[in-house]
Structures are given as structure tokens and as C-alpha cells.
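K.L.:
I have a structure here, written as C-alpha cells, and I will follow up with some questions on it.
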């Protein structure tokens, strides 16, 4: 018996050391390092995550869907995504004493340790990295539009350079350690999203209905109309996508058995969804009503006057997508840093974080510069990965979206790529 005690002691010591190391790593990782968020953090993080540049493509999506289907799909998407979001908020602490702080942890609980990772992580990465790439393009395009409106006599500058200017902000901001530290950026972004949405629909309304406006489908062939319809479904899915970061946002809210995190989280979600409705419905309906099927895939490009107002709106878009990029990048940083520290045994340090995050920003910048097809990217990523992660809890609807919208999005990319020159 005497020989067994030291063995038990050393085993207990090992377990203690392992727990201490895990605690130290959790205190360093971006998702779990800070748990003192208030309910209003949830509100503006969710607004920033959801009301993205996708709102500006809603009138264009309406033009491809038509009045009847367009209105139905907009309202259905609002209801379904609010319902699936409520389910996720409830699931965050459905196992007593455990919190599903990350999307893939919920996947592992549902499908098993390995299968859960294989099912969820690729989709989540496609969504989050995809959004960051699309926002690189959006930020660059909005900066270019601002420059062209403010300085009409200036020499034209390539979009590539504007994407690099936009990325330079993220080389600084991406070093904020966790979700709570980006709450100021996120709040500014949420205010901007409401501001530029209001400018988009009010400027459209002030301009009045366009002469000879047409509400019929733009495509000449039936096949073109059908593909455009699929593509528009993806654009709407992209506009309603914020679920991929919901569990991570909820992880930052404190929780006790008496006061679980789902209370304040849900309060924030409801406020966020009211803001979403105030942004989406007026932009989609007023924009389409005024311009019909001649509207661009970004409503601000259709509105050219008054120049100062449209320039301001574009600057608001830039500030908003800066915040959105950070919200979607944070879970990716968390995944990369978890892999390096837990699986590859790197020491948690500032220079590991410095290298990882700069690499990620540079990679998304490079891809955004290479493929800046805004509308097609929205539809492709929207359908391919947002549908499963946002709508799948309503399975039939999610499957249809996942299969159909990427087809339309890919066709749009192919058509736009015909006349495209790299880094022009």
C-alpha cells in the first residue's frame, strides 16, 4: 500500500498541472479570456455581425426575386433566423455546469468529438474567412467610391490600393486581444450600419421613382432569370448571417445558475433584430420601388447625387465593415491560437499572436485583391455556408438554400470574370 500512495500523489499532481495549464490557456485565448460583458454588448455585437454590406445588395436581390417572392423571402428570413438564433442562445448552457463557448463545441456535443469538428469547422471557417474577404473588397470599394466622389479631378487609383489601405487598419486592430476589447469598435460599427442604411433608403426616396421604371426580371432568358433568382437567395442569406459568432459573443457574458447568460444575451438579440428590421426592410423595399430592375448590386453605386451624402454613406460603410471584419476574425484567431497552443504546444505569447494575426489579415487582403467580385461572392458564400449555419435548424429551407444559391453565385462570378483583369 505504501508504494501506491506516491504514484497516486504524482497522478494527482499531473492532473492539477494539466488543469492549471488549461486555465492559463483559457485566460489567454480571445473567446474565454474575458467574461464581463453586459447585455448591450450582445446587442451591438449582433448588429455589427449581421447588418453587413449585404444590406446594400438587398434592392438588387429584390430585383432578381420580384415583388411577391422578394417580400415573402425577406420576412421569412427575418422570422426563421430570429428563431434559430433563439435556439442557439438556449443551447449555449443546455448541459448543466458546461458552456458551449464556440460553435464547434456545440457541433461536437451533437455529432461526437471528431465528426462534430469535421462537420462544423470547415463550414464555420468558410463563413468567417469568406466574410472577411468580402469585407476587404467592400471596404476597398467604399474607400474608392469616397475618393472618386470627394476628388473628382484626381487621378484614378486602382481598387487594389484601396483594399491595401483598408487592410492596413486591420494590421493594427487585429491585435486587440478579445471580444470585449473590440466593443468600442463594434459599437461605432453598429451606429454606422443604421446610419448608412437610413441614408440609402432616404436618399432613394428623395430621388423619387425613376422614369420608365421597370419591375420585371432583367434577364432575357428563362435560365438567366432562374439563376439570378438562386443568386438572390444567397444574397438574402448573406444579409441575415450572424449566427456563426453568436455562441462566441454569448461566451463573453457572465453566467451563474441563478442568472444564466441566456437572459442578457436574448435581450441584446431582440434589440439587435429590431435594428436589423429598421435597416433591411426600408432599404430593400424603397430601393427597389425607386429604381426597379436597373438598381446596382450595391445601392450606393446607383445613388450618385447628392455627392456629399453618398460620400458620407460610403465612409460609414468603411467604418462599419472595419468592426464587422473584427467580429468575424476573432473566432478564427481563437481557432488558430487554440490549435497552436493546445495541439502544437506553442507557448501563449504576444509574438505568437502577432505572427498569427498579421498572417491572417495579409491572406484575406491578398484574396480580396485577387477576386473582387462583390455580388457573386455574396451569393456564393451566402448560400454555400451561411444557409447551413443560419437556417439549418429549419432543415428543408436550409438545404434548398445551400444547394441553389451557390449555383447562381458561381454563374455571376463566371460572367463577371470574363472581362476581368487581375489587380486592375
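Using the three backbone atoms N, Cα and C, a Cβ is placed for every residue, glycine included.
Curation plays no part in TrEMBL annotations; they are all automatic predictions.
Just so it is clear, the model here is predicted, and its values are computed rather than measured.
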K.L.:
Can you identify, from 246-268, 269-291, the stretch that TrEMBL calls transmembrane segment?
P.N.:
269-291
K.L.:
What stretch in 39-58, 115-138, 182-201, 269-291, 307-329 has the biggest tally of Cβ pairs under 8 Å against the transmembrane segment (65-86)?
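P.N.:
Per the Cβ count, the answer is 269-291.
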K.L.:
Mind checking which residues of the chain, 6+ beyond the ends of the transmembrane segment (39-58), have their Cβ under 8 Å from one of its Cβ atoms?
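P.N.:
For the transmembrane segment (39-58), the nonlocal Cβ contacts are 74, 131, 134-135, 138, 179-180, 183, 186-187, 189-190, 193-194, 196-197, 200, 235-236, 238-242, 244-246, 249-250, 252-253, 263-265, 267-269, 271-273, 275-276, 279-280, 283-284, 287, 297-300, 317, 320-321, 323-324, 327-328, 374-375, 378, 382.
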K.L.:
Spell out yes or no: are there three or more C-beta pairs under 8 angstroms between the transmembrane segment (269-291) and the transmembrane segment (182-201), with each pair 6 or more apart in sequence?
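P.N.:
Counting Cβ pairs under 8 Å, at least 3, so yes.
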